[in-house]
Amino acid sequence: MEVQLGLGRVYPRPPSKTYRGAFQNLFQSVREVIQNPGPRHPEAVSAAPPGAHLQQQQQQQQQQETSPRQQQQQQQGDDGSPQAQSRGPTGYLALDEEQQPSQQRSASKGHPESACVPEPGVTSATGKGLQQQQPAPPDENDSAAPSTLSLLGPTFPGLSSCSTDLKDILSEAGTMQLLQQQRQQQQQQQQQQQQQQQQQQQEVVSEGSSSGRAREAAGASTSSKDSYLGGSSTISDSAKELCKAVSVSMGLGVEALEHLSPGEQLRGDCMYAPLLGGPPAVRPCAPLAECKGSLLDDGPGKGTEETAEYSPFKAGYAKGLDGDSLGCSSSSEAGGSGTLEMPSTLSLYKSGALDEAAAYQSRDYYNFPLSLGGPPPHPPPPHPHTRIKLENPLDYGSAWAAAAAQCRYGDLASLHGAGAAGPSSGSPSATTSSSWHTLFTAEEGQLYGPCGGSGGGSAGDGGSVAPYGYTRPPQGLAGQEGDFPPPDVWYPGGVVSRVPFPSPSCVKSEMGSWMESYSGPYGDMRLETARDHVLPIDYYFPPQKTCLICGDEASGCHYGALTCGSCKVFFKRAAEGKQKYLCASRNDCTIDKFRRKNCPSCRLRKCYEAGMTLGARKLKKLGNLKLQEEGEASNVTSPTEEPTQKLTVSHIEGYECQPIFLNVLEAIEPGVVCAGHDNNQPDSFAALLSSLNELGERQLVHVVKWAKALPGFRNLHVDDQMAVIQYSWMGLMVFAMGWRSFTNVNSRMLYFAPDLVFNEYRMHKSRMYSQCVRMRHLSQEFGWLQITPQEFLCMKALLLFSIIPVDGLKNQKFFDELRMNYIKELDRIIACKRKNPTSCSRRFYQLTKLLDSVQPIARELHQFTFDLLIKSHMVSVDFPEMMAEIISVQVPKILSGKVKPIYFHTQ
């Protein structure tokens, strides 16, 4: 039986009194139908004696004086009444199959006087499963009905004192006056009994016996009208309390769910769950077709109508259910159709055992492995409510079935194993088959890979691996074929509110079949191996070659230097011509891409400094002619394959004469640095020495950059790198200054910088004439020995690794290897120009002697600068900060002998 309430939706909300009176009429009708399901006899109403009203009031007062403990004992004693026994061993009350005339139902709903007085001695015509019996006479202290419906709060005063002839009074005119008098009398009674009723109501609510009292009201004998409508508390306007009272009277008490969180109430795992630990009383099943009206349908009127929406579930649900998830067994005795047998412990409310901490240990509320099969630590008493409506939580109709076939949520098989039935279970099935509902067909396949274990397994197989990170219950695992569960399954926990997602181990990492056939524009190349097929970054962005003269993009090596086309043409015209260029400034004009045409004199000087000579062009032409002559001669004296081979060898030998090492040295060679000296001022000791110190610091910055760009230098230890630069900076500057003096002024003067050139006068003025003479002699050695630019570059790099501490460096072994490599490079450069080994050794001896001659000059300059630093405040010579630090810290180590140069020859 179902009661659908639609208050506040179609019609406006009635007044509170009328609202409460309407519910009282409704519940009185329900109560009378439950107690006396037979036809109504209006004659009993009129046959009531005139003094029945006073007798009922006396019974009501006596009933209120009884303690709640006596009422509870009386209620427990009612279970042995014939009315309670009439429910049968399984506790089913098939109210939806009562055969009642429509006229009697309409009379019970339409006439309010039928709800005032119960009819004793009425036989009931029961349906299936109910016996025709005579209800027991009412006890004097029977409070089943008032205690059950007392939660409704205050009763409607207009009906609380109605007499037996209320039907005649209401049909006459002017009946409202009588109702007002009755209302006043009722209010006086309420004031006297208010305190007792409030205490009784609190005890009833605290004991949580609302659902039990509603059941006893359905099976207890009828009581008097005043006992049913007797004392109550004040009228409450709160709709929440009214809804709570309605739910309690209908057996859907909300008090049992108030302690749950909103998420647990929405999840619904406390609904339709078999009571843990309850006695597994089972009755023989009726065929499924006979149970449609009472078990699987929504109400008594829907038992004969099988809609298309629920037809798949009703037709195949019993076949998909096996075992104790429902306490139902499949039997072929009842005509071969699927049958259900229901235990009496199937509860509508959440079991009290679920509140125990031990009951939640095996429950995962994120993956929903609703392990409800095991017995609880403390089995609760059997729950009285056994007649519930069975629903399939995954049966959402044909529309959902069509959409579910397209889902790809992965293999959700075998996530729950329901427990076996109790020891007294009469179910022939000892195991259950409970798994997640599949959302795809076997033909379509699945997007995710295997989840670590198949759905197969027998009952009691505890070795199955759960795909979602938790272990299955060891009992109740039914064998399944393949990885797909049966299409229809039963969830003991009720409606599942969210779909469990597979763990990361379940996600398929390989490409699917639809991707394997597509190789893409780059063939069968995988992303993880794509780096093996990518060319170096230099292939896409080659290092840009710049002109050594103006800094523009170089077009190649012209006249012995890497220059652009403009500087190539300029040098050819200027070197072959007879014009003399003079600088309008101080011979320190800036030559770049935009100002290279401003000063031809400085541009030509820079070309010579870069090593450009007309002889390099002539040597190149002679080399090409020689190769051509050798090729023509080989064509006459040898087969056709030999000329190509000889030409290739000749080209390789030519490339060896210009190794890559030299190209690097040419590219990293520092440019010309100006001292910033004012040549318009008269020369003085302080001015000249201050300009030299300023030039030394500027050149030191370029030396650091140049050293870091040398091949292999960065492989040294950081401390070794700093030490080598700080010890060799003076020798490097002297050697570079001698080369500039040789190339620019033919060693007649000391070419420190374009704006600082020392002649004889300045040499004397600087008070370092002896040191200047030795430096000029070094510059003349470049001319006497005819040092080439390639030899100069290699010798300069080797000079960097020619002075070390006596105690050695931190990585002395690697320093020695690096120094030896540069010596070999110098010997290779010498060998490229000379074919005679004797001349090569002589040349090597000359160059190494020249390198050894730099060290004594550098030592004299170290001593001079250190003495000058000490007397700088007296002679007004400025020392930049970095120069002062190096001279004050590192130079004393050299002068004291802690740091010594490495000589090629014995001194």
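Glycine is no exception: its Cβ is also placed from the backbone N, Cα and C atoms.
Checking the ranges 158-182, 583-607, 608-632 against Swiss-Prot, the zinc finger annotation falls on 583-607.
Looking at 547-567, 652-672, 778-798, the range tied to zinc finger in Swiss-Prot is 547-567. For Tyr903 (phosphotyrosine), the same-chain residues 6+ apart in sequence whose C-beta sits under 8 angstroms from its C-beta are Asp852, Gln855. Mapped onto DSSP classes, the DNA-binding region (546-619) shows 28 helix, 8 strand, 38 coil. If you take every residue in the region 'Interaction with LPXN' (539-906) and average the pLDDT, you get 85.
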